[in-house]
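Engineer: Input: one structure, supplied below.
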Amino acid sequence: MRILTFLLGLKTLWVLAFSSLSNTIAVNNSGKWWGIVNVASAGNVLPGSDARPVPLVLDPSLQLLSRQKRLIRQNPGILQSITRGLHSAIRECKWHFRNRRWNCPTGTGNQVFGKIINRGCRETAFVFAITSAGVTHSVARSCSEGSIESCSCDYRRRGPGGPDWHWGGCSDNIEFGRFIGREFVDSSERGRDLKYLVNLHNNQAGRLTVLTEMRQECKCHGMSGSCSLRTCWMRLPPFRSVGDALKDRFDGASKVTYSNNGSNRWGSRSDPPHLEPENPTHALPSSQDLVYFEKSPNFCSPSEKNGTPGTTGRICNSTSLGLDGCELLCCGRGYRSLAEKVTERCHCTFNWCCHVTCLNCTSSQIVHECL
């Protein structure tokens, strides 16, 4: 009996070690491509000489995978588009979380969002979804603007669309955007564990959100603006709309667990591993829901493990009962009030023709800072 117990213990340790290694592999690859936001520019793509053409050379500091490099070489202009999309995602993340304990801090280097990407919490889910959405949105827009040589407007919609309108114009190329988003972003995921499935799900949720937020725009034709006939096309939403939708899904994110129907094997085509809600009474998450598998840290104190700075020194709202209020944002530690001088433009006048002149007015305001 003791021998059996000992062997079972060894098996458990081996499984845990293998799982830990799998997680490490996934962590080492996840989000590496985000580093392009700090180094990507036109100078990172170097063409060969006219006398002896050679393949494009990418700056090694980008630390991209072979598939990602191939996509960049095959689609001139796409590196800049992906970089713009990542910048948009970072701005959107900081905007939506500006008043929360975790305010989407970013830094230099390859791990732009820090060690939070190694976790499996709600914040991690939002980061993966918004960055995937940013790439999809930016690439789709770049196609219709002619910034990427290998794609253009989406001309699949043609002909009559209804009794008084027809498809035409230049629809944003959402399908090419989703293709690049999937091939470029998802290729950085490695492993066969829960984190791998969760990251892929949230990447897909980000791309689908861009698709579902697209809207039809039309232009009227007819005598004296009668609008007897319209030409319509599909237009990408403002990226703020995408961020709003993903923030709503962050608030309603589903906690999930890994399921392979009790099998110890990775799975087969007929029975692949999948995500299930941790609470069996909850519905399965949809393809657009954000998912996570561990509770978020409280983000109150600096954490080397999570790479988060804590909330000391953050400006809070002393009259708010919400997340930006001093009681919640400062985690009960209290706050200090400081007088701060603010200089603003004032007493502006319009001068013919054509400029505006203003004075600089200085005032004092009280700000509250977490201890």
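Heads up, the Cβ atoms here are built off N, Cα and C, so glycines get one too.
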Engineer: Would you mind checking which of Cys143, Cys170 shares a disulfide with Cys151 in Swiss-Prot?
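Structural biologist: The record-listed partner cysteine is Cys143.
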Engineer: Given the disulfide-bonded residues Cys93, Cys220, Cys354, which one is most crowded in terms of C-beta atoms within 10 angstroms?
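Structural biologist: Checking each of Cys93, Cys220, Cys354, the winner is Cys93.
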Engineer: Can you name the recorded positions among Cys93, Cys170, Cys316, Asn317, Asn360 whose CA is within 10 A of the CA of Cys346 (disulfide bond)?
Structural biologist: Asn360
Engineer: Hey, of the disulfide-bonded residues listed (Cys143, Cys151, Cys153, Cys170, Cys227), which one tops the CB count within 10 A?
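Structural biologist: By the 10 Å Cβ neighbour count, Cys143 comes out on top.
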Engineer: So of all those disulfide-bonded residues, Cys93, Cys220, Cys232, Cys330, Cys331, which one's Cα sits nearest to Cys353 (disulfide bond)?
Structural biologist: Cys220
